[in-house]
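Trainee: Before we start, here is the structure in question, set down as structure tokens.
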Amino acid sequence: MDNHFFHLVKYSPWPLLIALNLINSITSVTSFILTSSSLMCFFFFFISVLIMIQWWRDVMRESLYEGFRSLKINYMIGYGMIFFIISEICLFGSFFWMYFYYSLSPDMETGSIWPPFKVTQMSFMDIPLLNTMVLLMSGFFITWAHYDLTMNSFKNSSISLVISILLGIYFLMIQGYEYVNSSISFNDSVFGNSFFILTGFHGLHVMIGLIFLIVMMVQLIEKKFSLMNLNGFEYSIWYWHFVDIIWLCLYLTVYWWGM
């Protein structure tokens, strides 16, 4: 018997593998920018998804079957999730800082105006507004799914969670449609760089959030949640609302104020 409340995890290959794969992913993104070839980006993203599934599987086994999750450990994992979201806020904060820096003091290369000269402006009342409503509705349904789960209504919770996931997928489809039909590209001065970096990184986080929600949906269908064990589900909700808030900031700054 241990004389402490900590859980000393077993040796795992997943941290090293995900770190190496992230390095490859960054390299593939650089290759995509230079050559417009997205094959390696999708390949390494698929590998990341596989690693995440295996890692989450081991974490769930530790919690559900091996009994390594005490109340104090769950609190510590919750703090870890909070610090992770704070680090993501810092990441997007640096991107927004870049956007405000160049938009508030445009240089000669952009015609000393923002958006740059001859860049077709996007209407914030068009596709961006639709995307905003879709993502906010997805956040509403994920919150409703949590409420149903606390009421022990697994069926209604599953329905709400599925609707939230479908709305998230629809958001990505609309974002892809906007990219395909956009009049600007990544190479259109710093305006195109900042626009696609902000919206692209947000889209990547939406994909990660969707994977998180799909894993939780599988757990919910298999009835591995109870009123005393909703931590993973609540963490996915935190992350999804973080994605919502980042999109609201992005919509207000890039689409409404910036255009």
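The backbone N, Cα and C atoms fix where each Cβ goes, and this holds for glycine too.
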Trainee: Which stretch does TrEMBL mark as transmembrane segment, out of 157-175, 176-194?
Mentor: 157-175
Trainee: How about long-range neighbours of the transmembrane segment (157-175): same chain, 6 or more residues beyond its ends, C-beta under 8 Å?
Mentor: 127, 130-131, 134-135, 137-139, 141-142, 144-146, 148-149, 199, 203, 206-207, 209-210, 213-214, 216-217, 220-221, 240
Trainee: Express the predicted model's confidence over the domain 'Heme-copper oxidase subunit III family profile' (2-259) as a mean pLDDT, rounded to an integer.
Mentor: 84
Trainee: Looking at the stretches 77-102, 122-145, 195-216, 237-257, which one shares the most CB pairs under 8 Å with the transmembrane segment (32-56)?
Mentor: 195-216
